[in-house]
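> Starting off with a structure, shown below.
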């Protein structure tokens with residue numbers, strides 16, 4: 001079991017190495033045990049991660065009980081919710097790469113035999129999974145848990161309620177006192193943001209991927225069921241180390257398709273598309289936007305989840321969690337049940353053993369009673385997005401929108417224009433130079449999209465960007481436009497007053513301009529001299545690829 005760690009614990013030449021370990025309280029028989037690393041995302045930066053320390057402490061004790069020498073190391077986190085709408089949001093997607101680097105460096109640099117990664121906020125999940133795949137030693141992902149819903153009177157709240165309250169204030173639909181009440185009650189506990197936003201989308205999909213245990217990803221952060229997941233995850237990891245089951249044995253093209261099927265079924269975040277493109281690359285597998293679109297067309301939405309729907313992730317957990325979702329998909333032949341999981345059993349065997357609760361619940365619907373017949377993450381292409389774009393259509397009553405472009409080069413100017421009433425029904429807001437290189441860091445545009453919803457324009461105005469969207473975004477939005485503006489993509493050539501059509505039925509994003517005029521604009525285009533970054537952002541800018549390939553940093 002200690003195939004890797006024996007390099008530092010065995011033989012007389014490793015006496016100095018063992019001396020260092022003795023200072024950490026290890027001795028004698030410990031040196032024959034496997035070294036299991038616990039990557040801890042604990043942080044008091046954000047409620048998403050503030051409850052993780054107790055998870056890490058319990059996991060460390062459980063692993064030791066099962067015969068491991070356990071070593072805890074830290075992984076950083078950026079709070080998307082707190083950095084939203086600020087220059088700090090540029091570091092959010094960058095942190096996915098930093099987290100993966102940290103995990104790979106510690107696991108490989110310290111000759112670990114296994115890995116348990118514990119995370120909470122959005123980029124902890126894809127960053128952790130990419131790190132597990134790069135290290136490719138037996139590993140498992142353990143989620144820190146979801147936050148419980150907040151309440152203001154009878155109204156159920158999430159953090160997105162606060163963002164939308166800002167827009168409501170802009171149209172004088174809410175008083176300052178009411179906004180502050182929403183602010184005070186939106187986040188009542190620790191845990192990741194409580195709708196089917198990015199963190200909960202990714203954690204739910206990790207169950208289908210086979211890298212997290214069934215029913216472990218939807219449990220509220222403060223709860224007994226989370227403690228049970230810790231125990232079973234530790235036991236499963238030791239078994240994987242014993243049997244030599246590695247992440248790349250589990251994460252394959254077929255299991256990634258299972259994960260994306262769950263993303264579609266729960267009405268998940270657009271970020272899942274970006275992250276699974278990167279996860280597939282780390283797994284040495286293949287996934288394209290075309291694959292994502294094919295999955296979308298097959299898989300119905302069977303959960304009416306926030307942000308556009310009614311239910312929180314805690315509601316989904318009470319209704320049977322991801323196993324219940326996967327059971328419904330499996331009945332319709334939409335899950336490949338032969339895929340291996342980190343337990344050593346197939347996903348079909350795991351589903352058979354899983355306890356599925358409340359079959360009468362309306363939180364998870366049978367596929368023949370689906371909320372939508374197809375997934376709501378639509379891949380678009382056209383003369384504005386030669387390499388693709390991703391639209392989220394949950395909660396929309398319109399699938400075709402044509403309107404006049406309002407072009408902005410900064411999120412701040414865009415939000416101010418929306419709140420000042422300068423964006424009207426039918427407009428197409430175009431936010432440019434916010435892609436992987438242009439941001440740099442491809443920041444999320446929750447503030448402008450929430451402002452549109454709060455101003456009553458969620459169904460009647462459209463927002464298009466080469467940046468990203470929060471999992472809390474809903475409305476008529478198109479992101480991940482590739483090529484991005486900063487590399488001369490067509491989105492950089494859009495001008496105020498241009499006419500744009502978003503056709504979700506025909507997967508089209510079209511700028512109404514003749515080819516000659518578009519070519520003339522392209523010939524005249526020059527990159528604006530506005531980018532002035534250094535350090536980590538400069539390194540990211542110089543090495544990052546385009547969003548249609550997962551925005552992977554070299």
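Cβ from N, Cα, C; glycine included.
In case it helps, Swiss-Prot gives these features for our protein:
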ACT_SITE  470  active site, proton acceptor
BINDING   48, 121, 193  [2Fe-2S] cluster binding site
BINDING   80, 122, 123, 444  Mg(2+) binding site
MOD_RES   123  N6-carboxylysine
> With the [2Fe-2S] cluster site defined by 48, 121, 193, which remaining residues of that chain have Cβ atoms positioned within 8 Å of the Cβ centroid?
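Checked against the 8 Å cutoff, the neighbours are 46, 47, 49, 79, 80, 81, 120, 122, 147, 191, 192, 197, 199.
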> Under a criterion of Cβ-Cβ distance under 8 Å and sequence separation of at least 6, what residues of the same chain contact residue 48 ([2Fe-2S] cluster binding site)?
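Result: 77, 79, 81, 120, 121, 122, 124, 144, 147, 190, 191, 192, 193, 199.
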> If you measure from the C-alpha of the residue listed as 'active site, proton acceptor', which of the binding-site residues 80, 123, 444 fall inside 10 Å?
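For the residue listed as 'active site, proton acceptor', the binding-site residues whose Cα atoms are within 10 Å come to 80, 444.
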> Could you say whether, by DSSP, residue 444 (Mg(2+) binding site) belongs to a helix, a strand or a coil region?
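Note: residue 444 (Mg(2+) binding site) is in a strand by DSSP.
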> CB neighbours of residue 121 ([2Fe-2S] cluster binding site) within 10 A?
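By my count, 28.
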> Output, ordered by sequence, the same-chain residues six or more apart from residue 123 (Mg(2+) binding site) with a CB under 8 Å from its CB, or 'none'.
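For residue 123 (Mg(2+) binding site), the qualifying residues are 77, 78, 80, 92, 93, 95, 96, 99.
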> Excluding 80, 122, 123, 444, which residues of the same chain place their Cβ within 8 Å of the centroid of the Cβ atoms of the recorded Mg(2+) site?
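So the additional residues around the site are 78, 92, 93, 121, 198, 199, 271, 470.
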> What residues, ordered by sequence, lie under 8 A Cβ-to-Cβ from residue 444 (Mg(2+) binding site) and sit at least six positions away in the same chain?
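Set apart from residue 444 (Mg(2+) binding site) by at least 6 residues yet with Cβ under 8 Å, we have 80, 84, 89, 92, 467, 468, 469, 470, 473.
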